[in-house]
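Please read the structure below before turning to the comments.
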Amino acid sequence: MAEAQRLQLPIISDEEEAKEENPAVNVNATNREITVSRSGKYKRWLRVVLYTIFLLCGQSVATLLGRLYYEKGGNSKWLAALVQLAGFPILLPFYCMPTRKMFNDLNASLTETKQPSFFKLVLVYVSIGLLIAGNCFLYSVGMQYLPVSTITLISASQLAFNAFFSYFLNSQKFTPFMINSLVLLTISSVLLVFQDNSARLAGVSHGQYAAGFICTIFGTAGTGLFLALQQLAFRKVVKRQTFTDVMDMIIFPSLIASSAILVGFLASGDWKGLNREMKEYELGNFSYVMILLWTAICWAVLAIGAVGLVFEVSALFYNAISVFGLPIVPIIAVFVFHDKMDGIKVISMVLAIWGFISYVYQHYLDDYKSKTEKGKTSGNL
């Protein structure tokens with residue numbers, strides 16, 4: 001490093017002498033800096049657009065393919081849960097990203113802390129991984145017995161559950177906008193209970209519909225708890241948010257969750273009926289394999305989009321994009337699976353979007369306040 005610094009000194013000196021002798025050099029250098037800056041900005045927003053497409057497409061297609069698996073003859077809840085997690089190895093190349101070191105150095109310099117203990121990290125990864133496994137299985141039960149549009153609208157309440165658990169675990173303050181969000185998202189989910197029998201899938205009994213509804217609610221609550229626990233883990237155990245730390249918090253719990261679901265899949269004996277299930281699948285053997293494969297890939301693509309948006313912009317922007325993605329699946333499901341979009345679902349969707357916007361706006365205010373305080377602190381220094 002010292003050698004590199006010594007090599008740079010003559011270059012800087014020569015440039016300064018050239019600028020003094022010829023002012024045009026200074027102008028050209030400034031123009032080059034502006035061009036590079038604009039080029040970098042365009043590339044950054046191109047990545048943001050790409051990650052947004054990954055997020056919206058991954059979320060929508062993965063959900064629709066998950067329902068298609070059951071619609072055409074699939075029955076294994078454990079397999080449906082496994083494909084939600086099995087694509088996580090696609091994220092491994094992110095460890096080799098050129099910007100990884102930049103994010104690590106920047107965030108590490110802001111929060112200088114010692115490396116957390118190995119035992120604590122393992123405990124965190126295992127706990128969160130098992131929670132994720134449980135959530136995925138509960139969602140797979142809901143996917144089997146509920147229309148896609150209903151599942152999507154119920155899942156919107158995860159922000160309400162996240163705020164609830166964060167109140168106890170992370171000292172989350174309940175502001176008027178936050179309370180408004182909680183009330184709207186809760187009402188949005190409760191309204192779906194009052195749908196008539198025509199909203200149920202063909203061949204699904206009242207008991208199965210109730211089981212699917214309850215499992216989806218618990219899965220959504222589990223997701224809210226997972227987000228709160230993840231925030232708590234970063235605050236109390238990891239105590240920093242470098243790129244590597246965030247990727248570790250995604251990869252290792254996903255590995256634990258995949259392993260847990262795989263054990264359940266083997267222990268349940270579902271694997272014994274896969275050959276028959278594949279042969280009897282309405283769309284054929286090849287389509288059966290492709291649906292499962294692309295479901296796993298789409299969940300991984302969603303994760304790539306989420307991670308990319310968080311690091312290129314912010315978690316707030318990621319939540320904002322989710323707002324616009326909310327109506328996509330229910331609308332597509334009306335045409336693909338002939339889901340009925342009655343008045344209750346429309347009202348539920350509007351309330352859910354309203355609740356999302358209220359939630360995101362509160363986080364925008366918190367983020368703006370935090371940046372303002374940091375700016376004042378820097379100015380005083």
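One-based numbering along the chain as shown.
Placed from the backbone N, Cα and C atoms, the Cβ positions cover glycine too.
Unlike curated entries, TrEMBL annotations are predicted automatically.
Per TrEMBL, these features apply:
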type: TRANSMEM; residues: 48-66; note: transmembrane segment
type: TRANSMEM; residues: 78-97; note: transmembrane segment
type: TRANSMEM; residues: 118-140; note: transmembrane segment
type: TRANSMEM; residues: 146-165; note: transmembrane segment
type: TRANSMEM; residues: 177-195; note: transmembrane segment
type: TRANSMEM; residues: 207-229; note: transmembrane segment
type: TRANSMEM; residues: 250-268; note: transmembrane segment
type: TRANSMEM; residues: 288-311; note: transmembrane segment
type: TRANSMEM; residues: 316-337; note: transmembrane segment
type: TRANSMEM; residues: 343-361; note: transmembrane segment
Using a Cβ cut-off of under 8 Å, list the residues of the same chain at least 6 residues beyond the transmembrane segment (48-66) that approach it.
80, 83-84, 140, 143, 148, 151-152, 291, 294-295, 298-306, 308-309, 312-313, 318, 321-322, 324-325, 328-329, 332-333, 336-337
Residue list, the transmembrane segment (250-268) vs rest of chain: Cβ under 8 Å, 6 or more residues beyond ends.
76, 78-79, 81-82, 85-86, 88, 91-92, 125-126, 128-130, 132-133, 136-137, 303, 307
Can at least 3 Cβ pairs under 8 A be found between the transmembrane segment (177-195) and the transmembrane segment (78-97), with each pair 6 or more apart in sequence?
no
With an 8 Å cut-off on Cβ pairs and a sequence gap of 6 or more, do the transmembrane segment (288-311) and the transmembrane segment (78-97) reach 3 or more such pairs?
yes
Do any residues of this chain, six or more beyond the ends of the transmembrane segment (207-229), have a C-beta under 8 angstroms from a C-beta of it, and if so which?
127-128, 131-132, 134-136, 138-139, 141-146, 150-151, 154-155, 157-166, 169-170, 189, 192-193, 200-201
Same-chain residue ranges lying at least 6 outside the transmembrane segment (78-97) that approach it to Cβ under 8 Å:
62, 66, 69-70, 132-133, 136-137, 139-140, 143-144, 243-244, 247, 250-251, 254-255, 257-258, 261-262, 264-265, 268, 270, 274, 292, 295-301, 303-304, 307
